[in-house]
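**Q** This structure is in structure tokens; I'll ask about it shortly.
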Amino acid sequence: MLSNALDRDRNRRSRTADCSTASEGLSRFQTKATIERRARDMQVIEPRGGRWQVGHGRHVDLGERACIMGVLNATPDSFSDGGRYASVEAAVAESLRMVKEGATIVDIGGESTRPGATPVDASEEQRRIMPVIEELARRSDCIISVDTYRSETARLAVKAGAHIVNDIWGAQKDPEIAKVAAETGSGLCLMHNGRERDRLEDVIEDQFVFLKRSLEIAVEAGVPREAIVLDPGFGFEKDGSENMVLMARFDEVLPLGYPVLVGTSRKRFVRTDPEGRLPNPDYATAATTALLRERGADIFRVHDVEINRDALFIADAMRRAMKGERW
């Protein structure tokens with residue numbers, strides 16, 4: 001009787017083990033199928049990607065991994081860090097630090113774009129940024145962008161070593177800037193701007209109207225398609241609600257057909273909330289960065305490179321996992 005009981009126990013354990021193995025195999029199969037189904041249901045939004053042709057024979061690869069553009073304000077009155085990098089040495093040191101932390105591009109500006117900022121003339125703008133561009137180009141092989149809407153400044157900046165012209169007016173304040181980009185072979189970033197004009201009620205429709213005009217100017221000037229990137233202009237004459245809607249509907253900008261750069265960093269809408277609290281602007285920026293990567297953005301213009309680099313690492317890992325790839 002004891003022998004029969006032991007045989008029954010062994011058979012029961014064998015059947016349990018077989019069921020467990022089958023269950024594990026089925027579980028693995030279901031997990032893979034679930035991942036594939038969820039990826040289809042959630043529809044992974046692919047960034048435009050491609051190769052951004054910029055000046056001096058260089059390029060920036062976009063798509064597979066997010067690209068970071070670090071912000072360098074060589075101004076005394078920027079809304080976030082005005083005056084901290086007024087000297088050439090301080091500005092270059094900060095630029096090199098951002099590159100070390102993961103920035104592919106450093107965007108150098110000499111005139112504050114915050115609402116109510118005191119305008120400066122071209123000569124003062126150039127006095128602030130040209131020595132920084134020259135010294136950074138000498139000490140680093142990073143990609144350098146000049147944040148200007150003036151064609152004269154853009155031409156001098158490219159001559160000094162800049163690879164990209166980043167125009168917050170989308171070539172509509174000084175259309176000659178598009179000719180500078182075409183003639184020098186520079187990359188050109190065209191930003192949407194709602195200032196000094198009537199805007200359409202629908203934030204996405206207004207993007208299309210404005211940016212299509214900017215693209216017409218660039219194409220007529222001879223700027224090649226692969227040299228152009230667009231920027232929806234978060235914070236530029238957009239209130240908090242409009243910025244949130246633009247983030248939520250960001251993928252609707254992608255049909256314009258160009259890689260997209262976004263600049264939410266330390267903007268007013270990430271520095272305040274409806275309850276009047278003051279969130280950490282860099283943490284809040286990182287949240288928008290991850291969300292916009294998931295919505296299809298390619299390039300991220302930020303002040304704190306490290307925290308946004310980490311946010312983008314997770315965002316890109318999630319995108320790959322949703323497609324069934326190893327992250």
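Cβ atoms here come from the backbone N, Cα and C positions, even for glycine.
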**Q** Which range is it, out of 1-25, 26-50, that shows up in TrEMBL as region 'Disordered'?
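**A** When 1-25, 26-50 are checked in TrEMBL, region 'Disordered' belongs to 1-25.
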**Q** Average the per-residue pLDDT over the domain 'Pterin-binding' (66-313) and send me the rounded value.
**A** 93
